[in-house]
Amino acid sequence: MAEQGKKGGSPGISAHSKIDSLEPHREDLTGTVLSTDQGIRIDSTDDSLKAGARGPTLLEDFHLREKITHFDHERIPERVVHARGSGAHGYFQVYESMAEYTRAAFLQDPSVRTPVFVRFSTVVGSRGSADTVRDVRGFATKFYTPEGNFDLVGNNIPVFFIQDGIKFPDVIHAIKPEPDREIPQASSAHDTFWDFISLMPESTHMIMWVLSDRAIPRSFRMMEGFGVHTFRFVNAQGKSRFVKLHWKPLLGVHSHVWDEAQELAGRDPDYHRRDLWDAIERGDHPEYELGVQIIEEEDEFAFDFDLLDATKIVPEELVPVRRIGKLTLNRNPDNFFAETEQVAFHTANIVPGIDFTDDPLLHVRNFSYLDTQLLRLGGPNFPQIPINRPLAPVHNQNQDGFMQQRIKQGRAHYLPNSLAGGCPMTASWESGAFVHHAERVLGLKARLRSDTFKDHITQARLFWNSLSAPEKKHLIRAARFELGKVATREIRERMVARLGEVDADLGRLVAEAIGVAAPAGQPQVPSKGTATGKRSVGASPALSMENTVKDTVKSRLVAVLAADGFSAAELAAVKAALEAAGAHAQVVSTRLGTIHGDDGSAVEAERSLLTARSVMFDAVYVPGGRASVEALAATGEAVQFVNEAFKHCKAIGATGDGVALLSSSPLQGVALAGASGAGPLVSDKGVVTLRDPAGLVPFSHELLRAIAQHRHWDREDVAQI
Ligand code: HDE
């Protein structure tokens, strides 16, 4: 297991592991000799074969031709959606047997670690587009279970734009760059998208999510995942129940602010990919709990929405999410192309014990993924690519096709046969076969939409009503931005009318910023549930990110602004406290390299004010030391660094003379230590300052608390974002 050793080991992925099964395909070039693809050793790869040093290149140079030809064929088509992605390996472990609900083998035994590969993605942008754009994020997980691969191909938003998959090409054509001018890249803020949405009432709930902070996550490690559709769990006795699947990140659900996300798209377009990679390399393994909402079949019609409608959630307050296991991502891919690019997820990759419902979005997906992969991966043998291979044995009579890797023996490639003893034989439910749930189906063949799918406003309003005041403000600003980029006035009018249906204030506040009349106020109609006696809620606290995990600084990045002459005692004490709590402190200085403290001690400045901006960090700390603070203040960039962190509502700390750097920046309305009347330790709106070095312990404690809050929205009253 040389590879495992190289990556520092992968706890949990041992004997019966994906790495083991892939090992023959992994290649370490260390100590090898250069050869052609035919295994011929090569004497030089720096000069082509020529007739004389200045003469023509010869066709005879088979090494040159092979090398260039292979290069010419390196690209494969990018995914038609979700082209930009980042992957990671890990494992899943169930907390306790779920046998009562499902016979799926990987959900039975808490001692078993099932290997997984996860790919996170944006939806709209091309492969090279920026990570931090406003968009839905894909969260696709391949479980390599002993019964075959199970793919949970989810998103970080629990609903979708459309109810029937036949509309998928339309929504994607509308949101992708406009076909005549091929702009904008990776953005929904343009006419065609909002034109389509304004004519599609069923998208109302989804666009509330897309306009919310959920669509600009701080990290893949800090977002939820959702299976979106209602699936089935089926137990060994064949009893079926409905199930909604969730991923709950242990670090909580956190987002960027819009201005920060936009700046990052320029300053570090790989921000999320880098964040995931670095976290795993550092040992900050992302963790998510698998949550299930289980609904008895008898309750299929108990709610004020249809369980088959992918534009609806099952509010957690109606059906609690039970956390049944944990996903841990602990290993970066060895090769982006071979793994992250070639991985092929498919909603129809399902194992016994899990099954589909009649969600019309899901049914189209069950067709689409295989179809698109045939094109993208060049033929029907892509399941044989190492990252896609199941751990479970594969035996069937599929044969031939481009890039066939298997050499099947024998001549009876058909069933039934007698020449091969009837093999491979079929199995039964009892012996591990997938047997489709025997659902009774009755209906007229017609292009229809169920009446139970036709309420498009109640849950959009539920989402809006469940947000905190800052989240509402952000959503309004997002709508102003998106619609403000729409040139066609009628589209803007139609959209504010729709937003006004969700909430009159929302419609009015957006309208007034985008040059259209406020929509006529809509009466707050009670939800259908209230009218029909079905199960419903008016607000769902689980939908607000305000109620997420806010008690940890684990894996957070804190910039320490320091230059020669910094207070060594202050920096050391605060850095130690941050690191003890699981955060990471990085010194940012006027230049890279070693800088010296006031006692002559040395620290390494890993980043400079030229290469690092506050948007790349979760918080800022400025230690004292007059020379250090004066050198920083002289650059202007350090002041901008602090200002921006303030504007983006991040925790800021300063001790001793470091407080002076804060005083030189316009942190409006914030009390600082040592300012007239303020005491030695002051904590105000996430800005924590200390004049008296004796108080470093309570200071660090307070700074950690401020960082754990993630953002201090109470500043938004004074800062224009
Ligand atoms: Fe996808 N989707 N999708 N989608 N989707 C693809 O498959 C499609 C939908 C999702 O990291 C494609 O291999 C249709 C919902 C993720 O490789 C394609 C419909 C959800 C990924 C496709 C949907 C998703 C994809 C493009 C409506 C959340 C990336 C390349 C019926 C539950 C997987 C590919 C990865 C990728 C089709 C709707 C999630 C074209 C037709 C709803 C995370 O097959």
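Keep in mind that glycine also has a Cβ here, set from the backbone N, Cα and C atoms.
All annotation found in TrEMBL is predicted automatically rather than curated by experts.
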Heme site partner of Arg79, Arg119, Phe168, Arg365, Tyr369 (as recorded in TrEMBL), chosen from Arg181, Arg376: Arg376
Rounded to the nearest Å - Cα separation of Arg119 (heme binding site) and His82 (active site): 10
DSSP three-state assignment (helix, strand or coil) for Asn155 (active site): strand
Cβ contacts of Tyr369 (heme binding site) (under 8 Å, same chain, 6 or more positions away): Val153, Ala344, Phe345, His346, Thr347, Ala348
Euclidean distance between Cα atoms of Phe168 (heme binding site) and Asn155 (active site), Å: 15
Recorded positions listed as Arg79, His82, Arg376, least Cβ neighbours within 10 Å: Arg376
Inter-residue C-alpha distance, Arg376 (heme binding site) and His82 (active site) (nearest angstrom): 13
Under 8 Å by Cβ from Phe168 (heme binding site), counting only residues of that chain that are 6 or more apart: Ile162, Val364, Ser368
